[in-house]
Amino acid sequence: MSNLPDDYQPPDPNSLPTGPSDPSTSSYGFSHTMIRIKDPRVSLDFYTRILGMTLVRIMSMPAGKFTNYFLCYPQSEVPNKDNQDKLMQWLWQQQGVLELCHNWGTELASSGFEGYKSGNEPEHKGFGHICMLVDDLQQACDRFTKLGVQFKKRPEDGQMRHIAFILDPDRYWIEIIQKSSGDKEHTNK
């Protein structure tokens with residue numbers, strides 16, 4: 001049930017800002033998104049083995065008792081990790097990097113930590129999901145099923161048959177779309 005007034009109309013898409021109006025932003029790019037994780041062993045396995053991402057940097061911060069793990073689908077060869085200056089220069093030129101932040105001890109049963117909110121619970125609406133592109137949606141979903149990945153929505157569920165949603169170990173939603181079907185998503189939402 002919706003709380004919207006009967007006469008509600010969403011903003012007219014043609015009246016919304018559509019792009020950079022300031023030329024000084026023309027070289028800007030999207031760097032990364034950070035999400036918190038409970039257990040790096042479980043999450044890194046998921047993002048590298050299940051989703052095929054590459055772990056390119058680990059940044060441990062003992063003073064803050066956390067470690068950040070930077071993963072991506074490299075757009076060029078990853079520099080040798082022993083050359084930190086070159087690696088950092090390369091990393092900050094990549095787009096679509098995922099930063100997993102592990103606050104130390106959250107994985108311990110003795111900590112009593114129950115997990116993070118994904119942003120999709122009714123009382124915590126906010127962050128929604130990240131999205132991954134695959135070559136063949138059905139093939140990817142079949143593979144996820146064989147690997148025991150939990151689905152939030154399979155392609156055959158609901159009206160939007162060109163997308164799926166899987167859950168990562170911390171129950172963050174990950175939208176899966178086929179590279180060639182991106183236009184369908186925008187016309188059906």
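Heads up, the Cβ atoms here are built off N, Cα and C, so glycines get one too.
Any TrEMBL annotation is an automated prediction that lacks curation.
Under the heading active site, proton donor/acceptor, TrEMBL lists E175. Proximity of E175 (active site, proton donor/acceptor) to non-local residues of its own chain (separation of 6 or more, Cβ distance below 8 Å) is seen for H129, I130, C131, M132, I163, A164, F165, given in sequence order.
Among the features that TrEMBL reports, Zn(2+) binding site is placed at E99, H129, E175.
Taken from TrEMBL, the feature compositional bias 'Polar residues' covers 15-27. Per-class residue totals from DSSP over the compositional bias 'Polar residues' (15-27), listed helix then strand then coil: 4 helix, 0 strand, 9 coil.
Per-residue confidence over the domain 'VOC' (29-179) averages out at a pLDDT of 94. According to TrEMBL, the domain 'VOC' annotation covers 29-179.
Positions annotated as region 'Disordered' by TrEMBL: 1-27. Cβ atoms under 8 Å from those of the region 'Disordered' (1-27) belong to no residue of the same chain, restricted to positions at least 6 beyond its ends.
Sequence-distant neighbours of E99 (Zn(2+) binding site) (same chain, six or more apart, CB under 8 Å from its CB) are H32, T33, M34, I35, N68, Y69, F70, L71, listed in sequence order.
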